[in-house]
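Undergrad: I'd like to ask some things about the structure below.
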């Protein structure tokens, strides 16, 4: 009886238990990479570091776009016939739009993928930067800055999602640190070239320069950033030449649609006192 009970309990477990994948120190990987070569967790270190570099540039030049025009408020006010205080609202509207955009791009990327959302949103950033730079009226520049901030939000939130997609839990700390430094350094450094450009070149170039930088980021995304969203539990990709298409489109959950509730989910965090206090 004891032998039969031992067989019935232990043998099925040994036969069905998947092989646990470990890191170089013998610790279990979280999450566990699949056997699919197109699983982003299985990508080469070189490709992962390239993605981190692109994501960091997108985050840096996003916040850089916010602040380069800050030293030029007086010049912008004179050129557009408003006060320096009114001119400062072009920075305020940019930051406000970034807050709104965060609630749009994050849930959208979980349905349609990181890559298409970044391509679309960064195109908005480029258009907003150049539109603001060549604005002929105060209203036009406000609209341009709104769209700049709206698009910049995609880099602010999705750059961190990219890292979570391609690195296991124990690897994310250092990469998220790099990403955070890039994100916050952009706005801090922007005033230095912004003041120089405004004084010696002209205030319009405080937005043309970010427009050029974000255009380069858009090209990098288009040609070098693969889709990192991966739905676990699907069959591995067959080695039939689908890999390139997979890198462009990723995997999507069957039947997953964007719902209105998806945009409200971040507010669920307000039930936690620390989040409510910081917010």
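Numbering starts at 1 and runs along the chain as it is shown here.
Glycine is treated like the rest: Cβ placed from N, Cα and C.
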Undergrad: What range among 11-29, 30-48, 49-67 does TrEMBL describe as transmembrane segment?
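TA: That would be 49-67, the stretch labelled transmembrane segment in TrEMBL.
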Undergrad: Return the stretch with the most CB pairs under 8 A relative to the transmembrane segment (49-67), choosing among 87-105, 117-135, 181-201, 207-225.
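TA: The stretch with the most close Cβ contacts to the transmembrane segment (49-67) is 181-201.
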Undergrad: Give the mean pLDDT for the domain 'Major facilitator superfamily (MFS) profile' (51-279) on the 0 to 100 scale.
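TA: Mean pLDDT across the domain 'Major facilitator superfamily (MFS) profile' (51-279) comes out at 88.
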Undergrad: I need to check the long-range neighbours of the transmembrane segment (87-105): which residues 6 or more away from its ends have a CB within less than 8 Å of a CB in the stretch?
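TA: Long-range Cβ neighbours of the transmembrane segment (87-105): 65-67, 69-70, 73-74, 76-77, 80, 117, 121, 132, 138, 141-142, 145-154, 156-158, 263, 266.
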Undergrad: Quick one: find which recorded stretch in 117-135, 147-169, 181-201 has the most Cβ pairs under 8 Å with the transmembrane segment (207-225).
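TA: That would be 117-135.
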